[in-house]
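K.L.:
Below you'll find the structure I mean.
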Amino acid sequence: MSKKSFVKGPSGLPKELNNDKQWNYSLVNIWVASLALKLLLSVGYHSTDFDVHRNWLAITYNLPISKWYIENTSQWTLDYPPFFAYFEWVLASFVPDFVKRDGCLKIVEKGLYSLPTVLFQRLSVIVSEVVLFVSLQWYINSSKTHTEAKRAFVVASSLVLSPGLLIIDHIHFQYNGMLYGILVLMINSARLKKYLMCGFWFSILICFKHIYLYLAPAVFIFLLRAYCLNLNFGKTKSSNILKIVRWKNLFKLSSIVIAVFSIAFGPFIYYEVMPQLIERLFPFNRGLTHAYWAPNVWAIYSAIDRLLIQIYYRIPISRPILLKIFKFNPQYLWDTKLVNKTTRGLIGDVEFLILPTITSQLTFFLTLFYQVMALIPLFLQPTFRRFMGSLTLCGFASFLFGWHVHEKAVLVVIFPMTFLVSRDRDLLGPFNLLVSCAYISLFPLIFTCDEWLIKITYMLLWYIVYYFSLKKVVRLPKTNGGYGKVILDRVNNGYILGLVPVITIVSLIDLFEHKFEILRKLQFMKLLIISVYCGIGIISSWNGFSWLYFVDESIWTDE
């Protein structure tokens, strides 16, 4: 391959490296174009999460701060950290009088509202999402070369146009765009080696939504190793031992983190309601899986349990074998109510009928184990790309092995991995498998006919556009990987294409279940199909990404 020739810029440096930037990649046009679709969707379907946030507006508007985490008139109690409660309080102050009269700010058991409340809350999501656009524009603008800026633009545009955000925020109803915007601020601060800003933004993010604790181990190790520790040993061993900690840096970072958490939790400590707040944030009395199984290890485990139940019923010769292997109580299998309990995410303990019951302690141990495995290389090599890889694997571990994981939590994996995918073409395989399975797994959140065509068409167009866009800008690997790599790519693409019949089957069940009683009895089957198929895909993506993380050193340097 011939060496690339550079044209000299005004400063005497190669034009590709010249600081006088000539490019302009703006997200403004994308924001304007996407705004039209979001406004059209604003009057369509919304989930119960809409009334959740309406109730939080009412709580923070009508009650003193000391009552926010105690109020329980509605089942939709406030269970996000304080900064999100403050956000709802600020938002409530902008509610117009005609929206107030519509019932937006009334504390009631079940919200009674109409179009004015819907439009106000929909617009609040759209406006708050500006944080994501601004943070990603900063990410693009801070690129050092034209090639880097082009890659950054593809990455940024794929995130602001994410089918996940469209489904979860603008149809289902949540505020993830704003929160992931703060995550991007943290990520770009780390990229620019602004470690204090990195700690500041992540502390704020945790105080907005505690799901990002999934990523905390990677952030902690990165800041500790890159900013607070000095492990460059010299000749004088004794002096190095004394100076292994950069005390000034540690003090500055600790002060920022403590200050943020003090502002967030200080008022609740003062009013002595911290126990109630902690109980709201961490309700450990919930089951292993959510009502709709998130596509992770436990979805597959649950499906195997139900498969073994059917084998036990239909193949009598298998009964003594299953009893000997799994040592379960066969009396439970003849309890019709227990067997027909197709959802496992309701309040209470989770009991499997044949397979051993999974405890919260086991899920914590598995999550911690796989996170620690990802943290070791980060501690030894605290580069930005290694940090992003560790961040991705911490998200994977929490999503795949965590307790009571929601399907929406898969965005915690997608966002950090997206920032890495343009680094090396080998990452495209795990990435494509992840996003295709993850976004399809969100489809059951939107089960109405009016939005069916939108979610299918939007997902398909997004995947086609960014499949080729990322392929065009991605860095080629140093080795082609041989015939085995070709086979693996074909298997990945084949599995992704398998999502087409999966969606077709599920859609046909939706279409004809009102006509056929047998389909009504198999109502949970369509959720199981999506959870299991997408779960296998996401686990495969995790395996492929982990292999590259631990084996391919060239991807993770900052060169």
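A Cβ is built for glycine as well, from the same backbone N, Cα and C atoms used for every other residue.
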K.L.:
Per Swiss-Prot, is Leu333 on the side of the membrane where Arg475 is?
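P.N.:
Taking the topological domain names from Swiss-Prot at face value, Leu333 sits on the side where Arg475 is.
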K.L.:
Under DSSP, the topological domain 'Cytoplasmic' (548-559) has how many residues in helix, strand and coil?
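P.N.:
Helix, strand, coil within the topological domain 'Cytoplasmic' (548-559): 8 helix, 0 strand, 4 coil.
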K.L.:
Taking contact to mean 3 or more CB pairs closer than 8 A (sequence separation of 6 or more), are the transmembrane segment (250-270) and the transmembrane segment (287-309) in contact?
P.N.:
no
K.L.:
For the transmembrane segment (153-173) and the transmembrane segment (494-514), does the number of C-beta pairs under 8 Å, pairs 6 or more apart in sequence, reach 3 or more?
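P.N.:
Contact between the transmembrane segment (494-514) and the transmembrane segment (153-173): absent, because fewer than 3 Cβ pairs are under 8 Å.
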K.L.:
Of the listed stretches (25-45, 204-224, 450-470, 494-514), which one yields the highest count of Cβ-Cβ distances below 8 Å with the transmembrane segment (527-547)?
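P.N.:
Top-ranked stretch among 25-45, 204-224, 450-470, 494-514: 494-514.
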